[in-house]
Amino acid sequence: MAEDTSSPMDRFCGSTFWNATQTWWTNDPDFTPCFEQTALVWTPCAFYWVFVIFDFYYLKASLDRNIPWNKLNVTKALVNLGLLVITALDLIMALIKKGGDSELPLYDLDVWGPIIKFATFLLVFIFIPLNRKYGVQTTGCQFIFWFLLTVLSIPRCRTEVRLESERQKILDSQQPSEQDFSWEEYQFVSFFIFFTFTSIMLILNCFADGLPRQTKYQRGENEIPELSASFLSRITYQWFDKMALKGYRNPLEEKDLWDLRPQDSCSEVMPIFAHHWNQNVRKNYKNKARVEPKAQFSNGNVTFENPHGEKNGRKKGMASIMPPIYKSFGGVFLFGALMKLFTDTLTFAQPQVLSLIISFVEAKEAEPEWKGIMYSVLLFVLAAAQTFILGQYFHRMFIVGLRIRTALINAIYRKALRISNSTKKESTVGEIVNLMAVDAQRFMELTTYLNMIWSAPLQIGLALYFLWQQLGPSVLAGLAVMIILIPVNGVIASRIKTYQIRQMKYKDERVKLMNEVLSGIKVLKLYAWEPSFEKQVLDIRDKEIATLRSTAYLNAGTSFLWSCAPFLVSLVTFATYVLTSEANQLSVEKVLVSINLFDLMKLPLTILPMLSVDIAETQVSVNRINKFLNSEELDPNSVLHDSSKPHPMSIENGEFSWGDEITLRNINIEVKKSSLVALVGTVGSGKSSVVQAFLGEMEKLAGVVNTVGKLAYVPQQAWIQNATVRDNILFGQTYDRKRYNKVIDACALRADIDILSAGDLTEIGEKGINLSGGQKQRISLARAVYSDADLYLLDDPLSAVDAHVGKHIFEEVIGPKGILARKSRVLVTHGVTFLPQVDSIYVLKMGEISESGTFDQLVKNKGAFADFIIQHLQEGNEEEEELNQIKRQISSTGDVPELLGTVEKAIKLARTESLSDSISVTSADSLMGGGGSLRRRAKRQDSHDSVASAASLKKKQEVEGKLIETEKSQTGGVEFAVYKHYIKSVGIFLSVATLVLNFVFQAFQIGSNLWLTKWANDEKVANDTGLRDMYLGVYGAFGFGQVLSKYLSGLALAIGGLHCSMNVFNKLLNTGLKWPMELFDTTPLGRILSRYSKDVDTVDSVLPAITVQLLNTCFGVLATIVVISLSTPIFLAVIVPIAFLYYFAQRFYVATSRQLMRLESVSRSPIYSHFSETVTGASTIRAYNVGDRFIEESDAKVDKNQVCKYPSVIANRWLAIRLEMVGNLIILFASLFAVLGGQTNPGLVGLSVSYALQVTQTLNWLVRMSSDIETNIVSVERIKEYGETKQEAPWELEQDKNKPKNWPQEGRVEFQNFQVRYREGLDLVLRGVSFNIQGGEKVGIVGRTGAGKSSLTLALFRIIEAAGGRISIDGVDIASMGLHMLRSRLTIIPQDPVLFSGSLRINLDPFEIKTDDEIWKALELSHLKSFVKSLAAGLNHEISEGGENLSVGQRQLVCLARALLRKTKVLVLDEATAAVDLETDDLIQKTIRTEFKECTVLTIAHRLNTILDSDKVIVLDKGQITEFASPTELLDNPKSAFYSMAKDANLV
């Protein structure tokens, strides 16, 4: 070893480290032994030492513990031990055999080689028991380490085998050799043992360890395979195969889905987020008052602090959700970012390899073939590595997205339970739900792309660097073009954004209006008001379309700019390059590598502007969420719970407001233990507000409110959950049969439950749609009674029930002998009857307490209370025995003669009259009783025996009604008819134009690339500038063709999309409003509404965008195949099997993914509906203090949604990895054939490989887009299906026009043998009814529940169409006229007052045809004038959704005013006494008697006094008229049914 010119590595090994002639410039490449034993072994070791930190992280993060010893980990440990032994042995043998006395020198390698290996193996060995203890089932670092070690040992295998055969030759040759080969022989054996062991370790690491014994969360048998999948299975997503197969064979159902990974569930995500949120909130307050411990998930409660702070905390600014999000989820995100960085670098290695391939083809003869093959394989390996890493990257990002969404949804939910009323007023329920549905969702969609913020500029920078190497400073010209385009795009993007915000606003308005229209559709039909509302919706829609149009043009502009950007850039760059100097000539390599690099820049450049728009949109969302999460909350300390006070409930000197002006002042109330306190007063005097003040719902301005004990609350408007009757009553408590039955009987629910199809397990629709008002109210009361609280706040629970039911409930529940006798109760009431039995009474007037005391004291005072009673008794609608009671009570107080006189009169009246439905379903009979009740009654008609069959029929119908929807989307692909419908809506011409233009665009693009390679190959150009300019000119012309065709196709699509939006929506709206009422009864409102919101939105904005991308990718793939086949025709042979693979992956994926997306959207709506239910019932939830239970329910629903969402995310990755591998195969074959085939034109070879390089992404997008189209075209299908449903009769007919303006002039109504049923296949409700009413007669209609009273009025308005017979008005058959003609000439005062949001004026006169004077006159007659005068805006007073800002009585009066404005000859009065206090009722009756003197009035009666003075009475029974005569005549005949009804009511 004399010469010392060798490198340090040579000295280290004692032999040459790198020999280029042996490794590179040869036909038979090999490494030197030194290189094999150092570089190839230390690379994996170094890798492991660097990345072992991840293994430690996984130990820390693991939720499980204690994997039992099993075959796998024992084998791993043993083999690893074997490796340790063999390395130790290597060291010992080296020390024995070499150095010292022996003639073999001992080199550093012989010592350090084994030591490095030993240390690494020891580290790996330590992790075996550690992973076992911490329940880590598989680790990626170890797998990669063994993989690298095995692969990199292969060259040494070859070397060792060769050396061994050489040694054999020497030994075999006869010369006795002095050489001692024992050391080499030992190395040979030891290496192969080592190699075998590493290979075994690699194989063992392909499998995951057993299941851990201890897990933080229960692992069900439905556990997700990912948790115990090996690293290999995880990166290839092989564990998903089972699901894909199952989904392909038959549609997936919910039970096929796996459980959620614990780390993604609410119980893991929430505490982390809450902890950081609370930190952030605290940071926002200058007075750092309290430092909280880390948020604990104690029994499932996460506490969020209130950013609105105590009243005293000075606020620095809004607490934002961003910092907590970074802190909670930043770790995973950063890891993802690291992967992204890695793939970005890999991407730019590809053009380098490409240029190697091109130069290889150019020098075909000189180079050995193995280099070409190596380049091809290298290209493939780069692409494959990129595929796997990107797969993991997206997977990680999606998980972060899902977790952020979970965190936000839950934060919003928890906040919604605590917002104050002033906050609630600022936004409708819909807007709050939107925060969850739209804004939180948007976050999730953004996370995947967020890393592009830094990745895109990085990619652009790298591309420029490599381009500079190819083309020098000319690149700057191209860069300039790009940079000019960016601000242009920025401007367009910001315009698009303003339009989008505007469009969102219009969309919200439109959906809100549609929601009201659909909720009140029955009223619209009865009043024939649809055209007015249709116009209102279309007005909003027109504005929306206008913004959509602007957006569409701008979008076409951007897509055009971006698809032409790469071309413009390359044109400018190449032109600059060749024109700047004669010496600059284009070579094939320069051209293709540059084009490739420009293409790589295309994606980041396209994404940047899109990203900026997305980020801006998300910023809007963030602001909306921040505003909501920072809004004011109810003050939890406004109600004290001080048990030292004498009484359980009290308010002292209270002043309260609803956020604006003071509503209650000087309130002093005491409720003694176990006493019953009544609050009385006129409508709007503040009775309910007092109850709210006790609950802490109002803003307390002064005074002290105190409650001690558990509360129960019955609101005035019952809040019913979408659950079974039993669940509504139990309200989260355990079911105690005895107590439950007692409560049900006390609340008079037994009869109702028997009627329901599944008893108390019947599911109640949203907002209690299939129950009558009275039933809802009683269920609400039963809930309170069952909860067995200490304090009861009853806000008028008896208003919606019949008198005798009310009496029963008072006696059994509320009164001194009821179930609640031992509790402290506050009762708001309108009735006088029960007041004598109350312990004390508070009389409210104008928000103050005018007097209080016992019944006797108040009667003696002769104050407001006495007037109140006199007023009531005059109406004479109390039962006789109750009046007697009041009389006794009053006479015992002495000296109140005038009161006594009134009572006497009332008793006389009561004797002569009384009629009440014998069963308590008062308002089930109402016209407006919600679809459910009509349906139920329709079936109860016949007799009691049919109840069972009716129940089963209803079941069947419900099932049928529900299934229609699910079945639709289940069947495999979407039918071609739907696509045809969509294309037709877009317009045939525009569709064809788009296709042709796209085709032309691709043709120009391929042309320009081929032209470039031709130019680059042309030798003559170097000397001939004219030729060069010709080439440049043609290239420019090709480019111009691209630009033009692209722009036109973008425009065609944009216009087509708009066309389609307009057509589809107008048709949907038009047909939707013309549905017959029965369809609205059987279709849940939410389902109809989602057509108008989500599906329309899809057609508006989603479909056009996808179509553009689909067309681009489709033509892109075609172009690639064409180009590759041009250069290497043999490629076509490979295309077929590859296409098969591709097709299979695609079919499997689409089948599974579509179903998963369906399941996901099905499981998503419960989150929102539960949320909107919670927002509506927040005060009840708070009163009962069950917020935590609701939060848990919401969490469970979110988790369930994730269960469906997660597999669909994985399905995407599963597909991506498989497809990209297909794409990588295309790259491999394209480059292999190019290298091995006979193709000598380097230009074509390069072109085909560079096209192949892009195909991977394109293929991926193609499947994505085609399945997206399939998923989204379903919206078109649903809208189409709704547009083709059955319609009601036409609204207007020609012959209507010749009817006189004031028809009907007399108001004669005649029924001839009239029959009607609610729906096909149901029994008749009216069976041959005949009667004749003269013009101007007043007729009362009575009958037990289900006798068909409401059916009569519904038939009169043709809400249900005749099944036989006819109805004529003034001799004209009503079936012969248009519905609007008929309905606009009749007037109805419905039972439930429905108002729409908008001005008061629009609610009275939506067509704006009446003058102000007429409207004021109507308001005066309906006793609203003073109220409206007192409003600031007068007639333009904005009424909120559903009329929430008027009291129920005022709403009823508005309905009366509507009737007065129309003033037609026929008035139908559906007795609406339920919701109205007696005073208002009295006003209504008076007005009707005076104002409608001349008209025919049909009254559906629930009480006798309203119809005793009528001219005739119709008694209905089971759909037939049993009696038709004047009331006196009927009462004289003891045999009449009317008489027996009166008798039932103890009147005769």
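Using N, Cα and C of the backbone, Cβ positions are placed for all residues, glycine too.
Since the structure is predicted, the reported quantities are computational estimates derived from the model, not experimental observations.
Under the heading transmembrane segment, TrEMBL lists 111-128 (among others).
The annotation transmembrane segment is assigned in TrEMBL to 135-154 (among others). Beyond the ends of the transmembrane segment (135-154), by six or more residues, the same chain brings 40-41, 43-45, 47-48, 51-52, 54-55, 58-59, 62-67, 120, 124, 127, 194-195, 198-199, 201-202, 205-206, 208-212, 214-215, 227-232, 234-235 to within a C-beta distance below 8 angstroms of the stretch.
Long-range contacts of the transmembrane segment (186-208) within its own chain (CB-CB distance under 8 A, at least 6 residues past either end) are made by residues 72, 75-76, 79-80, 82-83, 86-87, 89-90, 93, 97, 137-138, 142-143, 146-147, 149-150, 153, 156-157, 160, 163-164, 228-233. Annotated transmembrane segment per TrEMBL: 186-208 (among others), in sequence order.
Among the features that TrEMBL reports, transmembrane segment is placed at 324-342 (among others).
Among the features that TrEMBL reports, domain 'ABC transmembrane type-1' is placed at 334-617 (among others).
Annotation comment: TrEMBL describes 373-395 (among others) as transmembrane segment. Counting same-chain residues at least six beyond the ends of the transmembrane segment (373-395), those with a Cβ under 8 angstroms from any Cβ of the stretch are 235-237, 336, 339-340, 342-343, 346-347, 349-350, 353-354, 356-357, 360, 448, 1209-1210, 1212-1213, 1216-1217, 1220-1221, 1223-1225, 1227-1228, 1231-1232, 1234-1236, 1249, 1253, 1256.
Tertiary proximity for the transmembrane segment (449-468) is limited to same-chain residues at least six positions away from its ends with a CB under 8 Å from its CB atoms, namely 333, 336-337, 340-341, 344-345, 347-348, 351-352, 397, 475, 478-479, 482, 573, 593-594, 597-598, 600-601, 603-605, 607-608, 611, 614-615. What TrEMBL lists as transmembrane segment is 449-468 (among others).
Same-chain residues lying 6+ beyond the ends of the transmembrane segment (474-492) with a Cβ under 8 Å from its Cβ atoms: 460, 464, 467-468, 554, 557-558, 561-562, 565, 568-570, 572-577, 580, 584, 598, 601, 605, 608-609, 612. What TrEMBL lists as transmembrane segment is 474-492 (among others).
Summarising the annotation, TrEMBL assigns transmembrane segment to 560-580 (among others).
The annotation domain 'ABC transporter' is assigned in TrEMBL to 649-871 (among others).
If you look up TrEMBL, you'll see 928-953 marked as region 'Disordered'.
Look at TrEMBL and you will find 988-1012 (among others) tagged as transmembrane segment.
Taken from TrEMBL, the feature domain 'ABC transmembrane type-1' covers 992-1271 (among others).
What TrEMBL lists as transmembrane segment is 1032-1058 (among others).
Here TrEMBL flags 1130-1150 (among others) as transmembrane segment.
The annotation transmembrane segment is assigned in TrEMBL to 1215-1237 (among others).
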Among the recorded stretches 334-617, 649-871, 1309-1543, which has the greatest number of Cβ pairs closer than 8 Å to the domain 'ABC transmembrane type-1' (992-1271)?
334-617
Quick test of the contact rule: Cβ under 8 Å, at least six residues beyond the ends. What residues does that give for the transmembrane segment (324-342)?
269, 272-273, 276-277, 279-280, 389-390, 392-393, 396-397, 399-400, 403-404, 407, 447, 450-451, 454-455, 458
Counting only residues 6+ away from its ends, which parts of the chain sit with a Cβ under 8 Å from the transmembrane segment (560-580)?
467, 471-475, 477-482, 485, 488-489, 492, 586, 591, 594-595, 598-599, 601-602, 605-606, 609, 1001, 1005, 1008, 1012, 1028, 1032, 1035-1036, 1039, 1042-1043, 1046-1047, 1050, 1112
